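Asker: The following feature annotations were taken from TrEMBL:
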DOMAIN    40-127  domain 'Pyrroline-5-carboxylate reductase catalytic N-terminal'
TRANSMEM  224-242  transmembrane segment
TRANSMEM  262-290  transmembrane segment
DOMAIN    271-414  domain 'Ferric oxidoreductase'
TRANSMEM  315-336  transmembrane segment
TRANSMEM  369-389  transmembrane segment
TRANSMEM  401-422  transmembrane segment
TRANSMEM  442-464  transmembrane segment
Amino acid sequence: MSHQPAVATKMSGEMDKPLIGRRLVDSNGSLAEAPSEAPKVGILGSGDFARSLATRLVSSGFNVVVGSRNPKRTAGLFPSVAQVTFQVDAVSAPEVIFVAMFREHYSSLCSLSDQLAGKILVDVSNPTEQEHLRHRESNAEYLASLFPTCTVVKAFNVISAWTLQAGPRDGNRQVPICGDQPDAKRAVSEMVHAMGFMPMDMGSLASAREVEAIPLRLLPGWKVPSLLALGLFVCFYAYNFIRDVLQPYVQESKNKFYKLPVSVVNTTLPCVAYVLLSLVYLPGVLAAALQLRRGTKYRRFPDWLDHWLQHRKQIGLLSFFCAALHALYSFCLPLRRSNRYDLVNLAIKQVLANKSHLWVEEEVWRMEIYLSVGVLALGTLSLLAVTSLPSIANSLNWREFSFVQSTLGFVALVLSTLHTLTYGWTRAFEEKHYKFFLPPTFTLTLLVPCVIILAKGLFLLPCFSRRLAKIRRGWERDSAVKFMLPTGPTLTEKTSHV
């Protein structure tokens, strides 16, 4: 197909210009006329995605021709500079044609086989989950089988119509591209660049099935962390229910089931947030211990640890979510009617006991420290959550990102531990707090974080920290090659396995 390199060359000159350089807006919101020398691109289809695609192409400096079965009815839906005509007329001039229609309508284009011969067809369709399981071939491969004289490229199926209209800054910038002809992929990649997106080569057209599966995934990295958070919530909620509601009902005949919607939930949320935060840093401790034990960094971690390390971001964000809910629930506690009744009853008891002044210095200091440390912990968690966003993380260099996520993250864990300890104070040593012989909930949540803090402290000892630093710089215990860490501005002895 000798014409394709010429198309790619022509596009490269046009695409190097600014994205919205030619865009002009009329008073009615339509785009002004594009220059006649702009590359001509065809679109087959008149749905929502086709309209958004036409708008983006026009604003990026392309001359767009839309093919529709009823051009008079659909012409008003497209930008005024886009030419809306019949399908047979829309495919005659453009070398690149977007097929923006569903798979079941591909066969209706067979009458255009002669006009489409030698063209580049860009398939932007997505199958439903049922269609993806039913068909063994992708939509792009099916389109290629119907038009063997054309070059089919899969692209833009992961970009939503909203992202095309609003621009790449408000959505994902990556556009996976796959096809069998390098020249055709290069031409489409240049168009992707011109539209403000970032092409990502996924290989041959055989990869189209994998590319079409991307939009069908529903938060694939969140399934395990969400189930973990839900499981912890159910376990702690049941534990708190037994201690705070069931025990008074069984042993004291007190009905405290009113605590279930707010009080028990608010007692459960910080437990879940605290444990999830500790589970973010526990795999790092285990990985360091494994490297110290093995004496090398070149052996794979076990699969369970590897997956755990990959899910730390999601676990941390869920921890922040639970902590934020805990803060909101805590603000709502004084608004409960039951809390007002408790205050009135406490005042009556104080009057009947002839106590004019009720002030416990220890409790006052405990609550002051407890609230202050809790606010600091939530603020640090907020900073971790914000820097986890791709738009913020991309603006940080590696040292800044590592400092926030590692150093400040560990500070957040220490602050959360202090928050929990000041909440517990001396309650862990008082027999009346062991209801049904069950320890207070906060004592259970302290187990894993305290182990992590102690392990981190051990790794700071010179005997461990220097050895771990050597291993992470490439040193191996069983290697005959000597390795020394730099002790000054100059490195006296340096070895590397890279």
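Cβ coordinates come from backbone N, Cα and C, glycine included.
In terms of burial and nearby residues, how do these features look in this structure?
Answerer: Below 8 angstroms of C-beta separation, residues 260, 264-265, 267-269, 271-272, 275-276, 279, 307, 311, 314-315, 318, 322, 435-436, 438, 441, 444 of the same chain, each at least six residues beyond the ends of the transmembrane segment (224-242), sit close to that stretch.
Within the same chain, residues 225-226, 228-229, 233, 262-263, 265-266, 269-270, 272-274, 276-277, 279-280, 374, 377-378, 381-382, 384-385, 388, 409 sit at least 6 positions outside the transmembrane segment (315-336) and bring their C-beta atoms closer than 8 Å to a C-beta of that stretch.
Nonlocal intrachain contacts for the transmembrane segment (369-389), taken as residues 6+ away from its ends with a CB within less than 8 angstroms of a stretch CB, comprise 277, 313, 316-317, 319-320, 323-324, 327, 396, 401, 404-405, 408-409, 411-412, 415-416, 418-419, 422-423.
Counting residues 6+ beyond its ends, the transmembrane segment (401-422) has Cβ neighbours under 8 Å at 270, 273-274, 277-278, 280-281, 316, 366, 369-370, 373-374, 376-377, 380-381, 383-384, 387-388, 393, 442, 445-446, 449-450, 452-453, 456 in the same chain.
Sequence-distant contacts of the transmembrane segment (442-464) (same chain, six or more residues past either end, CB-CB distance under 8 Å): 239, 270-271, 274-275, 277-279, 281-282, 285, 288-289, 292, 410, 413-414, 416-417, 420-421, 423-424, 427-428.
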Asker: Please average pLDDT over the domain 'Ferric oxidoreductase' (271-414) for the predicted structure.
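Answerer: Residues in the domain 'Ferric oxidoreductase' (271-414) carry a mean pLDDT of 91 in this prediction.
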Asker: Per DSSP, how many helix, strand and coil residues does the domain 'Ferric oxidoreductase' (271-414) have?
Answerer: 120 helix, 0 strand, 24 coil
